[in-house]
């Protein structure tokens with residue numbers, strides 16, 4: 001009998017077929033940042049003040065500036081108050097009465113708001129996301145993050161049920177059509193509902209494409225392939241800065257960012273299914289046909305005897321979530337990893353969503369944020385090889401946290417310094433996220449790896465949901481968000497000292513293996529592909545690419 005791992009060895013770990021697949025999936029990762037972060041550029045701050053309709057309704061021969069003086073008080077800086085207006089005088093009051101009696105009692109705006117005349121439509125000025133509605137711009141991001149959580153829970157099982165290709169195509173169609181529909185919404189409530197819907201598709205996409213990639217790429221290239229795919233997410237952030245700069249009209253920006261999905265209709269024919277998934281479903285003929293195509297593209301010859309001995313893949317034994325808490329050592333690992341993923345998400349999205357709050361041009365800052373993620377993600381591979389998983393995870397978390405803490409003490413009139421610190425923090429959190437995928441998968445035993453990675457993914461999404469709400473705390477004190485983004489990663493990083501090192505160790509298969517302690521393995525005796533595949537096999541996106549602690 002032959003298993004798929006043996007066939008993959010003959011096809012090649014990373015040939016032309018896998019490179020073509022990587023490119024197809026990189027395009028999807030490249031498009032994803034628009035859905036995550038474009039909203040930030042649609043709600044940028046802009047001058048506004050209460051509408052002065054009552055003045056205009058009088059037949060006063062006043063200039064616009066004089067009308068403003070009569071209707072809107074000034075703040076301490078001498079600018080019109082954005083959320084207050086003078087209480088209107090009686091309808092029959094004359095201009096002399098108004099000037100002599102000085103109607104100067106204030107009240108919240110009740111006649112709408114006015115914005116600069118040359119403004120372009122934005123979510124903020126079209127739906128009046130100001131004053132008592134200001135919180136909605138951050139609440140919308142929490143709704144989006146909640147959609148990511150639902151999408152992860154929904155499309156994960158669906159990916160195993162109907163296949164990787166079908167799931168990816170369905171998600172591509174969903175987030176493209178919903179994204180285009182978002183550009184034509186008549187109300188902000190409908191906009192929020194569609195943001196939730198598109199988030200479910202985007203979350204499922206990140207799950208499905210990593211799964212498909214890791215099931216076709218061999219052990220020696222899996223980690224590098226996944227990191228390369230993640231780097232395209234960073235490149236997408238850089239392009240988003242240019243798009244947002246060029247299209248200030250939020251509806252045009254929404255259409256421009258989502259329409260490219262329509263050009264990917266050829267994925268229906270170009271994207272391959274996972275041969276391993278076909279084998280687990282007993283669809284032998286389709287799997288063999290796909291394997292032969294992969295071998296042909298890679299210019300490799302398949303042994304007829306090996307193909308004749310190919311048998312359906314069998315799913316190994318699995319545990320349940322409660323098993324993660326029954327074993328003392330595993331319970332400690334699980335709780336700490338929950339904390340790590342929670343703060344990974346909190347810090348990463350916290351800095352990303354506050355890209356306009358560091359003092360420099362928001363478009364330039366977004367470009368820099370995307371650019372620094374590429375070396376950050378790539379360098380994480382070398383850090384894990386040089387310093388091990390534990391110390392790399394600890395170092396990146398603490399570094400990211402310290403940058404956020406230091407920002408609190410930097411004066412606002414030094415925007416370059418603040419932005420530089422934020423950039424270093426963004427690099428550290430991006431690297432920490434990448435390390436978490438590898439380290440977490442190696443810490444869980446094989447029978448619980450899929451369950452464990454699924455649960456840490458949930459905690460990551462919870463961190464994302466809370467991130468915009470943490471930003472709202474800045475209304476009470478400007479330092480609170482950065483204090484939280486800084487202190488929690490430092491605490492989580494210090495907790496990593498309690499975790500075991502996994503670099504150079506054999507992967508654990510069962511709970512009993514945890515009792516045996518570490519099993520060091522010489523780098524020269526890297527495990528066979530069959531062994532590593534058996535130990536790393538899973539359908540979880542954070543798991544399948546970890547088949548050995550050497551890469």
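For all residues, glycine too, the Cβ spot is worked out from N, Cα and C.
With a threshold of 8 Å between CB atoms, the same-chain residues lying at least 6 positions outside the topological domain 'Cytoplasmic' (1-20) that come near it are 216-221, 225, 272, 275-276, 279, 291, 293-295, 297-303, 306-307, 309-311, 313, 529-530, 533-534. The topological domain 'Cytoplasmic' annotation in Swiss-Prot covers 1-20 (among others).
Marked as transmembrane segment by Swiss-Prot on the basis of sequence analysis: 21-41 (among others). Listed by sequence, the residues of this chain that lie at least six past the ends of the transmembrane segment (21-41) yet keep a Cβ under 8 A from its Cβ atoms are 123, 137, 140-141, 144, 168, 172, 175, 179, 195, 198-199, 202, 205-206, 209, 212-213, 216-217, 225, 228-230, 232-237, 239-240, 243-244, 250, 253-254, 257-258, 260-261, 264, 267, 270-272, 352-353, 355-356, 362-363, 366, 370.
Marked as N-linked glycosylation site by Swiss-Prot: 57 (among others).
Summarising the annotation, Swiss-Prot assigns N-linked glycosylation site to 61 (among others) and lists sequence analysis as the type of evidence.
Summarising the annotation, Swiss-Prot assigns N-linked glycosylation site to 92 (among others) and lists sequence analysis as the type of evidence.
In the three-state DSSP scheme, residue 104 (N-linked glycosylation site) falls into the coil class. The N-linked glycosylation site annotation in Swiss-Prot covers 104 (among others).
Within its own chain, the transmembrane segment (139-159) is flanked in space by residues 36, 39, 167, 171, 191-192, 195-205, 207-208, 211, 349, 353, 454, 457-458, 461-462, 464-469, 539-540, which lie at least six positions past its ends and keep a Cβ under 8 Å from the stretch. Among the features that Swiss-Prot reports, transmembrane segment is placed at 139-159 (among others).
Per Swiss-Prot, topological domain 'Cytoplasmic' is recorded for 160-167 (among others). Counting residues per DSSP class in helix, strand and coil order gives 7 helix, 0 strand, 1 coil for the topological domain 'Cytoplasmic' (160-167).
Taken from Swiss-Prot, the feature transmembrane segment covers 168-188 (among others), and the record attributes it to sequence analysis.
For 196-216 (among others), the entry in Swiss-Prot reads transmembrane segment.
Taken together, the residues in the topological domain 'Cytoplasmic' (217-224) have a mean pLDDT of 81 on the 0 to 100 scale. Look at Swiss-Prot and you will find 217-224 (among others) tagged as topological domain 'Cytoplasmic'.
Among the features that Swiss-Prot reports, transmembrane segment is placed at 225-245 (among others). Nonlocal intrachain contacts for the transmembrane segment (225-245), taken as residues 6+ away from its ends with a CB within less than 8 angstroms of a stretch CB, comprise 14, 18, 22, 25-27, 29-34, 37-38, 41, 209-210, 213-214, 217, 253, 256-257, 363-364, 366-367, 369-371, 373-374, 377-378, 380-381, 430, 434, 437, 545.
Positions annotated as transmembrane segment by Swiss-Prot, on the basis of sequence analysis: 252-272 (among others). Here the transmembrane segment (252-272) has long-range neighbours at 17, 21, 24, 27-28, 31, 34-35, 38, 41-42, 165, 168-169, 172, 175-176, 179-180, 182-183, 216, 240, 243-244, 290, 293-294, meaning same-chain residues at least 6 beyond its ends whose C-beta is under 8 angstroms from one of its own.
Summarising the annotation, Swiss-Prot assigns topological domain 'Cytoplasmic' to 273-332 (among others).
Per Swiss-Prot, the feature transmembrane segment maps to 333-353 (among others); the stated evidence is sequence analysis.
Swiss-Prot lists 355-375 (among others) with the feature transmembrane segment, giving sequence analysis as the kind of evidence.
For the transmembrane segment (479-499), the list of distant contacts is 332-333, 336-337, 339-340, 342-344, 346-347, 350-351, 354, 390, 393-398, 400-405, 407-408, 425, 429, 432, 439, 443, 470-471, 473: same-chain residues at least six beyond its ends, Cβ to Cβ under 8 Å. Segment contact is absent for the transmembrane segment (398-418) and the transmembrane segment (453-473), given fewer than three CB pairs below 8 angstroms at sequence separation of 6 or more. For the transmembrane segment (333-353), the most Cβ-contacting stretch among 168-188, 196-216, 428-448, 453-473 is 453-473 (pairs under 8 Å).
Beyond the ends of the topological domain 'Cytoplasmic' (160-167), by six or more residues, the same chain brings 204, 208, 211-212, 215, 271-274, 277-278, 281, 539 to within a C-beta distance below 8 angstroms of the stretch. Spatially close to residue 104 (N-linked glycosylation site) yet at least six residues away along the chain are 73, 86, judged by Cβ distances under 8 angstroms.
Nonlocal intrachain contacts for the transmembrane segment (168-188), taken as residues 6+ away from its ends with a CB within less than 8 angstroms of a stretch CB, comprise 28, 34-35, 123, 127, 129, 136, 155, 194-195, 197-198, 200-202, 204-205, 208-209, 212, 251-252, 254-255, 257-259, 261-262, 264, 267-268, 271.
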